[in-house]
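The next block holds one structure in the form of structure tokens; read it before the comments.
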């Protein structure tokens with residue numbers, strides 16, 4: 001007898017070995033039809049298997065359907081294979097390489113003699129639909145490694161053969177076949193192609209084989225797949241909205257910034273964009289000042305010797321911009337922490353000085369691959385609201401407490417109220433005692449509980465030198481942006497000989513808390529632009545008020561109105577052009593200015609202004625003083 005333990009605690013017994021599909025069928029016809037895979041085992045030992053997997057001994061089993069996150073991943077992985085199947089049917093000379101799942105979808109890389117066209121993409125998607133409609137079984141088999149290499153070479157799949165050759169010779173490999181197509185894969189996969197109904201191919205892009213620019217450029221076809229037609233449609237609508245909000249598009253239309261071929265991955269800020277930058281920076285500077293941070297500034301270029309001590313020279317050198325001068329090697333800093341330790345080390349520090357909080361708008365450079373650059377969201381030169389707290393072990397909890405509370409307020413001020421929290425705990429390879437890790441992890445978890453946060457724990461995902469909390473924003477489109485972090489570091493102060501004098505007179509290494517709220521200011525501003533679709537909150541808008549005259553007869557009055565508002569500290573544009581007022585209103589509305597003031601003869605005669613708010617709201621005519629008070633009140637909230 002074989003006993004199967006189900007998630008609801010019930011047990012089912014079978015006379016002998018049984019497949020996942022057979023267990024599902026024993027529960028009900030509906031579950032048998034919906035089953036996509038199974039999860040056997042519990043805890044860290046649990047693993048996903050095909051519905052054809054035979055269970056030979058007592059086991060815990062969960063049936064995976066499209067309602068489960070794991071089920072959606074199985075659908076997407078299987079759809080990637082369906083894509084490769086369709087490509088091979090239409091373009092037999094194409095070679096398949098790899099096809100993993102990614103967020104919201106999948107991709108597959110192909111080697112082919114010419115670029116795939118939009119018409120090709122449409123034909124491939126249609127072929128995928130035809131193959132899915134045939135509802136062909138997806139069959140798993142196992143083959144010795146060398147035999148698998150020979151098989152793929154025999155059918156002209158050199159890339160697959162190369163992948164398999166990198167697997168140890170004594171390991172067997174699993175293959176999945178659907179119709180005439182066979183692919184290498186760990187699995188699991190859906191039981192038949194008929195389970196794959198709701199998908200769409202999105203685009204074609206270039207990708208180097210194995211991510212190495214010295215290798216052949218392949219063609220990467222991206223797609224998305226979902227459990228239901230409604231889910232697919234919602235996702236496609238979200239993508240349409242995201243395209244309208246694309247910060248690169250809005251950056252051009254609103255004249256905020258540009259990226260130039262002469263400096264790939266570095267931002268050229270235009271006057272309006274730099275105004276937004278300054279508002280963000282000045283806000284964060286007040287945050288530093290009001291929360292006990294001392295602002296510092298370190299050099300951008302530092303000697304190689306420092307990076308050797310920190311370990312970056314060995315592990316991160318390929319991502320650093322380096323130079324040489326007078327037979328000394330230097331690097332542009334990719335991060336600010338070593339510089340802050342050098343500042344901490346100047347002069348003797350006592351336990352009475354701790355916690356010591358440094359903050360910097362630190363400009364960093366990282367040599368990101370050109371293919372990964374994306375507007376101002378993924379750049380090579382960026383500025384961080386980077387802070388480091390030097391403290392004792394007992395101060396970790398109160399500092400983490402204060403930081404989480406502060407971060408929540410900052411995000412709310414920028415319009416973000418949905419935050420996801422994740423605690424990354426100790427990895428297997430780490431430094432520091434278990435007692436110290438216990439204290440640090442407990443402090444991070446307690447700080448989130450004290451703030452009333454729901455959070456998830458990611459076991460083993462902390463750095464070797466300490467655990468961390470990641471703070472992720474959820475935007476108006478439901479997308480996630482990981483921005484903030486607080487990272488406990490037991491290592492770097494010791495590596496760079498940072499010490500303080502304890503109450504006992506003993507010299508100790510401080511604990512270092514790396515913390516950022518916005519992360520990269522460039523990226524955060526990109527997120528803000530997309531979150532607000534370019535219509536930034538009044539306090540952030542590069543132009544807050546535009547003053548428009550109807551005819552030349554009101555030009556002097558319009559100047560007086562603009563001057564009065566500017567004296568109030570507002571950012572005002574004055575448009576005295578000899579154009580129709582409807583044209584001027586439309587042009588400034590497209591620039592997403594929060595308030596437009598129109599002045600004609602009536603307004604001039606009464607000392608009033610006609611006010612239009614963003615979104616085509618007519619607020620009517622009001623006294624200039626009343627309008628000024630309204631804006632002052634809005635800024636005060």
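Glycine is no exception: its Cβ is also placed from the backbone N, Cα and C atoms.
The feature domain 'TGS' is assigned by Swiss-Prot to 1-65, with sequence analysis given as support. Confidence over the domain 'TGS' (1-65), given as mean pLDDT on the 0 to 100 scale, stands at 93.
Annotated region 'Catalytic' per Swiss-Prot: 246-537, in sequence order, evidence recorded as sequence analysis.
Feature annotation from Swiss-Prot assigns Zn(2+) binding site to 337, 388, 514. Look at residue 388 (Zn(2+) binding site): DSSP puts it in a strand.
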Inset, instruction - Going by DSSP, give the three-state secondary structure for residue 337 (Zn(2+) binding site). - result: helix
Inset, instruction - Under 8 Å Cβ to Cβ from residue 388 (Zn(2+) binding site), same chain, six or more residues apart: give me those in sequence order, or none if nothing qualifies. - result: 336, 337, 340, 341, 357, 358, 512, 513, 514, 515
Inset, instruction - Work out the three-state DSSP category of residue 514 (Zn(2+) binding site). - result: strand
Inset, instruction - Using the centroid of the Cβ atoms of 337, 388, 514 as reference, list every other same-chain residue with Cβ within 8 Å of it (recorded Zn(2+) site), in sequence order. - result: 335, 336, 340, 341, 386, 387, 487, 489, 492, 512, 513, 515
Legend entry - Counts of helix, strand and coil residues, the domain 'TGS' (1-65), according to DSSP: 17 helix, 25 strand, 23 coil
